[in-house]
Amino acid sequence: MATANRKTAGPMRPDTLLTSVVVLLVVNVVQRSIGFGRGLLFCRWLDPDALGLWDMSYGFLLLAAPVAVLGLPGSFGRYLERYRQRGQLNSFLLRTSLWTASLAGIAIAALLIGRKGFAYLVYGDSNEQWLIVLVTCTLAAVILHHFLEAVFAGLRVFRVVSAMQFVQSMLFAAISISLLLNWRNDAASVIVGYGVACLISAVLVLIWSQRCHWQTTPETMAETHRDFWPPLLRFAVWVWVTNLLSNLFAIIDRYMLVHYSGLPAEDALGLVGHYHTSMLLPMLLVSVANLLVGAITPHLSHHWEEGDQHGVSTRLNMILKLAGLGMFLAGIGVLLIAPWLFHMAFADKYNQGLHVLPWALASCVWFGLLLVAQTYVWCAEKTRRATIPLAIGLGTNVMLNLLLLPILGLQGAVMATALSTMTAFVSQMVVNCRLGMEGCRRTLVVAIVPLGLTQGLPLALSSGSLIGMLIFSTPLIFSHEERRLVVELLHSKLGRWLPNSKQSLNREGMEHA
């Protein structure tokens, strides 16, 4: 019994980097698979306007959760470990918990009091006040869930973060599908399912965390509030600004559809539903880009800390080119299977979504490249510079939507988002170059590649053939040195399994040397 008590009371050790990466990778793959299956069922069972209501609700939750608490949990990754090492973890968590709870309470009260105005803002229909009440209750659970995720991420116990996300994803699928089948076949069931899943996941981890001792050093006297809050809030404000711009960038096109399409609210929400289906497959590319960012950032940061900025530039340029070309090829695969998916899985309910899917694909490829390109400013510790391309892209999106939406409808909204995302990526590369990133010109050529997806499969196949010719016959995309590195990489990976590949790869490398 004494041994068991000692184990229970022992401090929880942080995960190693390798453990964190492996756990996050495995859980993300499982989560994305579950999420994709869940999304297919939502699209099949819900009408376009109901799907649009859920899409707008979810986008609002993602926007409101960090905004409501002024981005404070976003500072935990930077400051929580510092206060734990000082023996002030308990005071840190107490102060930030009270601050977060107070701000969340104010936001919830504001939403409930102004639910009529928020219903019009989110849905374009002030009669949807009851949905705002559901969203407000869900927001409380989402803030709690995000707060606990930030705490455990700051403690570097990523297996707990992964477990929370996995449980939440599983419960969301199970609860929402059960409610759709047995309660209401509309957005309310999905909103309730999402909120309950977040709440249960948070409560379970709170119960579990009571068994652990998180303070690894003796408790010391807390800092005064005058010394504690200024650095924390300065960092949190920039996190808040970045989150605000990122989330607005992701959802502004939906709000433009609801408020500037000139259609009744129900029809505009139906367009949002069609848009949602067009993004279902392309968003998988963004998920892969997110995983890639998580995998490469520690390695690039390591080279940066060693003073090898040239190596960071070389590696990031190569990664951007390979990622862009890889996502382009994946996009061709999506164009191949999309007609079958929309016919068989969606029962031909979302033909407008299928029509705009090529532009949605290009948009997601550019957004994935933007995420990867941002790693340079993280390595350079110039995170504020990441807000500049997002602000440029956001402004471009609004202007293009005002121009194209009245003329082309949903097609115009998706085109505006795609072109503004390309603008944001190019702007990010310009920022990177200003910060010292080398060799950006060839990488910027990759920004043109996704345009080959925008007119459907025939143009995509033709563009793919042309790009292949340019890669192997000219230095327009890959320099001779980069081609040599690729050949060496293929040789090292394939030589063990395909002995005959050694000579052919060597010949290929010599031809391009």
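One-based numbering along the chain as shown.
Placed from the backbone N, Cα and C atoms, the Cβ positions cover glycine too.
Automatic prediction, not curation, is the source of TrEMBL annotations.
Record features, source TrEMBL:
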type	residues	note
TRANSMEM	56-80	transmembrane segment
TRANSMEM	92-114	transmembrane segment
TRANSMEM	129-148	transmembrane segment
TRANSMEM	160-181	transmembrane segment
TRANSMEM	187-208	transmembrane segment
TRANSMEM	228-252	transmembrane segment
TRANSMEM	272-297	transmembrane segment
TRANSMEM	318-342	transmembrane segment
TRANSMEM	357-379	transmembrane segment
TRANSMEM	386-407	transmembrane segment
TRANSMEM	413-431	transmembrane segment
TRANSMEM	443-472	transmembrane segment
Query raised in the report: Against which stretches of its own chain does the transmembrane segment (228-252) lie, if we need a Cβ under 8 Å and a gap of at least six residues from its ends?
Result: 59-60, 62-63, 66-67, 70-72, 74-75, 78-79, 95-96, 222, 383-384, 386-387, 390-391, 393-394, 397-398, 401, 424
Query raised in the report: Per the definition of 3+ C-beta pairs under 8 A with sequence separation of 6 or more, do the transmembrane segment (56-80) and the transmembrane segment (129-148) touch?
Result: yes
Query raised in the report: Excluding the flanking five residues on each side, which residues at least 6 beyond the ends of the transmembrane segment (129-148) place their CB within less than 8 Å of a CB in that stretch?
Result: 53, 57, 60-61, 64-66, 68-69, 73, 97, 100, 104, 107-108, 111-112, 115-116, 118-119, 122-123, 164, 168, 187-188, 191-192, 194-196, 198-199, 201-202, 205-206
Query raised in the report: What same-chain residues lie close to the transmembrane segment (357-379): Cβ under 8 Å, and 6 or more beyond its ends?
Result: 275, 278-279, 281-283, 285-286, 288-290, 292-293, 296-297, 300-301, 304, 312-313, 316, 319-320, 323-324, 327-328, 331, 334-335, 338, 385-386, 389, 411, 414-415, 417-418, 421-422, 424-425, 428-429, 431-432, 435, 437, 446-447, 449-451, 453-456, 460
Report summary line: Residues outside the transmembrane segment (187-208) whose C-beta sits under 8 Å from one of its C-beta atoms, at least 6 past its ends, are 42, 46, 50-51, 53-54, 57-58, 61, 131, 134-135, 137-138, 141-142, 144-145, 148, 152, 160, 163-165, 167-169, 171-172, 175-180
